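These come from TrEMBL:
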- 2-115: domain 'Response regulatory' (DOMAIN)
- 55: 4-aspartylphosphate (MOD_RES)
- 145-252: domain 'HTH LytTR-type' (DOMAIN)
C-alpha cells in the first residue's frame with residue numbers, strides 16, 4: 001500500500017508515518033509534503049498513491065485548493081484538529097476523517113475501510129478507462145488570447161507565447177517575438193486554461209512555455225536559476241521544492 005502524507009507540522013507527520021508502519025510494515029511512505037503548492041506539483045508529476053493522509057489547515061491555506069487545481073486519483077483520509085470541515089471533506093474522495101491527536105485504533109479503522117472499499121469495488125482498470133474515454137471528452141485547453149494592440153485587438157496563439165508574468169498585480173503575456181501585452185487574467189486563472197504539457201507555473205510571478213526555457217542552473221539550496229528567451233531582465237528562480245517537478249516537466 002502506497003501512502004502520501006500532506007502535513008505542515010513535521011513532528012506530527014513523522015509520528016503518523018511511524019504509526020502507519022507500526023500497523024502495517026508493508027506500507028510505503030512516498031513522501032511528506034508541507035503545503036498545497038508542493039502537493040499540487042506532486043500530483044501533477046507523480047503516480048498517485050493508494051491513500052493520502054491530508055491535513056486540512058496547511059501553511060499556505062486549506063487543502064481543498066489542491067482539488068480545485070489538479071486531479072487527485074487517491075482515497076483521502078483527512079486529519080485535522082477541527083471537526084467543522086467534515087461535510088466539505090466528504091465531498092472529496094474521502095473515506096475517513098480523523099481528529100488529532102490520532103489514536104492508533106482510529107487509524108487502523110481508517111485503513112480497514114480502505115481495504116474493504118477496494119474489495120467491494122474491484123474492477124478492471126482497462127475496461128473502466130476505455131469507458132471513461134468514450135463518455136468524457138478530453139480537456140479543452142486555451143489555444144489563443146485576444147489582446148489589445150494600440151487601438152485594436154489582435155489574437156495571439158499559445159504557440160506564439162513565451163511566458164506570462166505578473167507585476168504590481170498586472171499580468172502580461174510575452175511572445176517569442178518579444179511583444180508584450182496585458183491580459184485580464186490572474187496567473188491562477190491562466191494555470192487552469194493552459195495545457196500543462198506546454199506551460200508550467202514556475203513561481204508566483206511566472207508561467208513559462210517549455211520552448212522559452214533556454215538554460216537551467218542549480219544554485220544555492222538546490223534552487224534552480226532558469227534563463228528564459230526572450231529574457232525578462234534576468235534569470236527566474238524556481239524553489240527547491242519545485243525543482244524536481246520542473247525538471248521532470250522539462251524532460252517529457
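Glycine is no exception: its Cβ is also placed from the backbone N, Cα and C atoms.
Whatever TrEMBL says is automated annotation, not expert-curated.
As the structure is a computational prediction, the values presented were derived from the model and not from experiment.
For residue 55 (4-aspartylphosphate), other Cβ atoms within 10 Å of its Cβ number 24. Here the domain 'Response regulatory' (2-115) has, by DSSP, the following mix of helix, strand and coil residues: 46 helix, 32 strand, 36 coil. In the predicted structure, the domain 'Response regulatory' (2-115) carries a mean pLDDT of 90. With helix defined as DSSP H, G or I and strand as E or B, the domain 'HTH LytTR-type' (145-252) counts 27 helix, 49 strand, 32 coil.
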